[in-house]
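Copied over from TrEMBL:
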type	residues	note
DOMAIN	2-175	domain 'Formyl transferase N-terminal'
BINDING	Gly12, Ser13, Asn14	N(1)-(5-phospho-beta-D-ribosyl)glycinamide binding site
BINDING	Lys58, Met83, Lys84, Ile85, Val86, Asn100	(6R)-10-formyltetrahydrofolate binding site
ACT_SITE	His102	active site, proton donor
SITE	Asp138	site 'Raises pKa of active site His'
Amino acid sequence: MKKIAVFASGSGSNFQVIAENFSVEFVFSDHRDAYVLERAEKLGVLSYAFELKEFDDKASYEEAIIDLLDLHQIDLVCLAGYMKIVGPKLLSAYEGRMINIHPAYLPEFPGAHGILDAWEAGVPESGVTIHWVDSGVDTGQIIKQVRVPRLPDDTIESFENRIHQAEYAVYPQVIKEILHD
Ligand code: GRF
């Protein structure tokens with residue numbers, strides 16, 4: 001059985017969907033007060049949280065993360081709203097075993113505000129992308145993408161909601177495919 005860990009910085013709605021579909025070894029958050037930790041508790045999923053500022057530098061922070069991943073013999077790390085760039089330390093240990101979900105159709109609208117950027121650009125459609133993590137920001141090899149339309153009556157909220165619904169459908173599909181490989 002391949003083992004999954006999820007990294008999330010905030011709300012953790014994608015984590016929740018993953019945990020409802022798969023056995024998750026643990027969730028890691030880089031914020032001690034992130035809502036994802038409450039979700040984990042309710043779902044009975046082990047969680048860890050510590051913050052970059054508690055360490056001397058990013059390499060030591062990432063060493064602590066690697067220790068957790070190694071301890072639990074994790075095969076696949078699913079980033080789900082993990083708002084830090086993965087540094088060289090963590091990447092060199094887990095590249096090829098780490099995927100990310102991005103709420104836009106890459107290479108369109110990379111970065112932290114993919115939904116808002118697409119909304120403000122007024123494009124007729126955006127999307128969701130799942131990709132392998134590399135050293136860039138949302139630049140890794142694409143695994144799967146789906147298009148999500150912007151409808152004439154949309155508000156930013158309804159547009160955002162449609163993108164999130166697409167995320168909840170596609171992320172478990174991709175994880176399933178990778179786990180069965
Ligand atoms: C998602 O839209 C994800 O694509 C992006 O950050 C958001 C996280 O939302 N990377 P949540 O924490 O899963 O609710």
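Each Cβ is built from the backbone N, Cα and C atoms, and glycine gets one as well.
Annotated features taken from TrEMBL, shown on the structure.
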| residue | record | Cβ contacts under 8 Å, 6 or more apart |
| --- | --- | --- |
| Gly12 | N(1)-(5-phospho-beta-D-ribosyl)glycinamide binding site | Val27, Ser29, Ala34, Tyr35, Val36, Leu37, Arg39, Ala40, Ala80, Gly81 |
| Ser13 | N(1)-(5-phospho-beta-D-ribosyl)glycinamide binding site | His164, Tyr168 |
| Asn14 | N(1)-(5-phospho-beta-D-ribosyl)glycinamide binding site | Val6, Ala8, Ala80, Gly81, Ile101, Glu167, Tyr168, Tyr171 |
| Lys58 | (6R)-10-formyltetrahydrofolate binding site | Leu52, Gly87, Lys89 |
| Lys84 | (6R)-10-formyltetrahydrofolate binding site | Ser9, Asp30, Leu52 |
| Ile85 | (6R)-10-formyltetrahydrofolate binding site | Val137 |
| Val86 | (6R)-10-formyltetrahydrofolate binding site | Glu62, Leu79, Met98, Val133, Ser135 |
| Asn100 | (6R)-10-formyltetrahydrofolate binding site | Leu79, Tyr82, Ile130, His131, Trp132, Val133, Asp138, Gly140 |
| His102 | active site, proton donor | Pro110, Gly114, Val128, Thr129, Ile130, His131, Asp138 |
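Summary: among the recorded positions (Met83, Asp138), the fewest other C-beta atoms within 10 A of the C-beta are counted at Met83. Selection of the binding-site residues Gly12, Ser13, Asn14, Lys84, Ile85 by a Cβ distance under 6 Å from ligand 1 yields, in sequence order, Gly12, Ser13, Asn14. Here the domain 'Formyl transferase N-terminal' (2-175) returns a mean pLDDT of 98 for the predicted model. Under the DSSP three-state reduction, Asp138 (site 'Raises pKa of active site His') is assigned to coil, being neither helix nor strand. Other residues of the chain with a Cβ within 8 Å of the Cβ centroid of Gly12, Ser13, Asn14, the N(1)-(5-phospho-beta-D-ribosyl)glycinamide site, are Ala8, Gly10, Ser11, Phe15, Gln16, Val17, Ile18, Val36, Arg39, Ala80, Gly81.
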